[in-house]
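In what follows, a structure is listed as structure tokens, so that the remarks can point back to it.
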């Protein structure tokens, strides 16, 4: 018999038994008190989970080994000593500076020392190669043509004395050049140091590699991966590489995340079987292309090699990425130790694998050997304890099972009640429960976004959470919970038509939890059965309205929820750090975007972490007193956050400072200016307001506005094109030319065999940018660059020449020094000239 009744709240159920009278606790009812007890219990539980996730993400569980560690162990302290030399004792490892040559000399000296003490059964080969070349590439959606010469690569090959040059080998790659204006301790002194220590470990441990191991210390990754391109296209050993490990850094430590893997699933399978501290997620490979950047992985696996391999990257500490604060003191302890232990184990696994093949073997046997290995695997680590890996075909089945159960179980549970009315009611409940839960997840992201916009509207600046990430969680988690609970309040007005209280315990668990959409994600559905069984058993002892029954439901889900907190916390922290370099988007909407993105990310993560509990716990928490408390907590947190400054020396703001020198021939200056830009939502007006000495030097008054100040054009930033797409509302200020003429006798200029006009006017722009970008020439050379150009046009052809120089004249250096410590200034000189043919 079918009965339709309303679902009662716990408070009302208790009151009907005489147990729910008003409690003299701040006017709260018994149901409110129970709800707050549950809320506090959840806060404690998630706090403990967050503490565990924090310890894992920041490598607190790793004990770094010291300089006195056994020689057959990787030592972080020994590697850090290499980082200290490369980033502190050597001044600048950028192309065009002596420091890059000094770094190459230091690396080669360390390798020569290894060669001297290698055993007689090991062959050590060291090469210092100069690479030159040209190629085309797509970067940030733009087609770029590269020409380069005189870049240094240092190559170490360790093999047994019986090995041949044609044997399949394992490549370990890292770059020793650093970004403009950065000491490069993390990016990528830590990579080179890890490789040097691994090479030492290979020699000193007595292990004789079964296949040759090649260490490529390439000197030009920051300049669009020129060093790896030169190796792949010119070196005799490039065709022997059967697998590679590319070591990179997008920060100063944390998980050494496998961000890219392939081609095929073999590299990730080897990683899963051999990594001591697995830290990987296949979703990163789908997300990675959306960020403005690239690594040498591209050259080896995609563009030129099609070699199976891994791209492992330091992810956290992104505050210091490509800044002058990327120093050895900023490295996260334990990170290099975990990296070294992982990579040495990986090298052994790759070298011993029967799948290791040369390029020729892959081409001739690939169709038959790897026919079933033509796609990437699905993999993710669990708190770096172990790695879960399965193929995409298996994923189609595994990920479909929860969906199939979710779709069909409501009807299977009602097989005993035949009748059209019953089946229609079940379908109605199914649709309603799904929609309510989906709306809750959407509101969990939407409500924080609305609050973030309101906060920015009433605040003097955006991104208050940037230097204090905990503020973002304080502001957006409570209001995200409000979004999750709103549909539960609506559910009271539109209860399920099923008589939940009259159903069997097994049916009750599914209707309340499963039907409401709590187990849509695969990771949660794995723990659905034990949670359901424990909940059903607890009902017999404690009853449906007992918090103890809720505890028996939650406890089996703890492993899944812990992973959600681990993954969600990592993703949120990563996004917060990257907001400092996402670009200065056009106003007025660009000012709000970072806050909205962070709010949405934390809202989504809250829905992922708490959402699976809401279908069962929602009727306890969806009370007006709790909603008001969460809203008050949100407002209080936002008011508190507005008192915090967005930046600090530990989370600097990035400012691009270009001394632009417009020339008309080899020795004449047409114009000189200081151009400034930022790469986050707080504009230059914000910078000058809080840097009064800089504003005074530039003669900027309090009435500064973008409407009255000269704006830089895109062509002014040609030297770092196409990164100019990250800039918006860049400002231009006049600069003296006297000291330029004192420091330079000649300026970069273009000579041709045909007469041309020298132009001093601004070039015409096409869709807001230059008509084309045809070549980027780099590399130290005493000779002039010679190139030819074919073009067909009925009109005159304009050629722009832009040359970046890392030297600053005295006035520019003094201006740079006036910026406060919470600003990281990337400064250089840019020579621009224009020619018409």
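Every residue number used here counts from 1 along the chain in the order it is shown.
Cβ from N, Cα, C; glycine included.
According to TrEMBL, the feature domain 'Peptidase M28' maps to 153-346.
According to TrEMBL, the domain 'Endoplasmic reticulum metallopeptidase 1-like C-terminal' annotation covers 763-835.
Annotated transmembrane segment per TrEMBL: 38-57 (among others), in sequence order.
Feature annotation from TrEMBL assigns transmembrane segment to 396-415 (among others).
TrEMBL lists 435-458 (among others) with the feature transmembrane segment. Long-range contacts of the transmembrane segment (435-458) within the same chain, counting only residues at least 6 positions beyond its ends with a Cβ under 8 Å from a Cβ of the stretch, are 464, 475-476, 479-488, 490-491, 516-518, 591-592, 595-596, 598-600, 602-604, 606-607, 611, 614-615, 634, 638, 641-642.
The transmembrane segment annotation in TrEMBL covers 470-490 (among others).
Annotated transmembrane segment per TrEMBL: 510-538 (among others), in sequence order.
When Cβ-Cβ distances below 8 Å are used as the criterion, the transmembrane segment (550-576) is approached by residues 38, 45-46, 49-50, 52-54, 56-57, 255, 281, 315-316, 318, 380, 382-383, 465-466, 469, 472-473, 513, 523-524, 526-527, 530-531, 533-535, 537-538, 542, 597-598, 601-602, 605-606, 608-609, 612-613, 616-617, 620 of the same chain, each at least six residues removed from its ends. Among the features that TrEMBL reports, transmembrane segment is placed at 550-576 (among others).
The transmembrane segment feature in TrEMBL is assigned to 596-617 (among others).
Residues annotated as transmembrane segment in TrEMBL: 629-649 (among others).
Looking at which of 470-490, 596-617, 629-649 has the most CB pairs under 8 Å to the transmembrane segment (38-57), the answer is the stretch 596-617. Summarised by DSSP class, the composition of the domain 'Endoplasmic reticulum metallopeptidase 1-like C-terminal' (763-835) is 8 helix, 26 strand, 39 coil.
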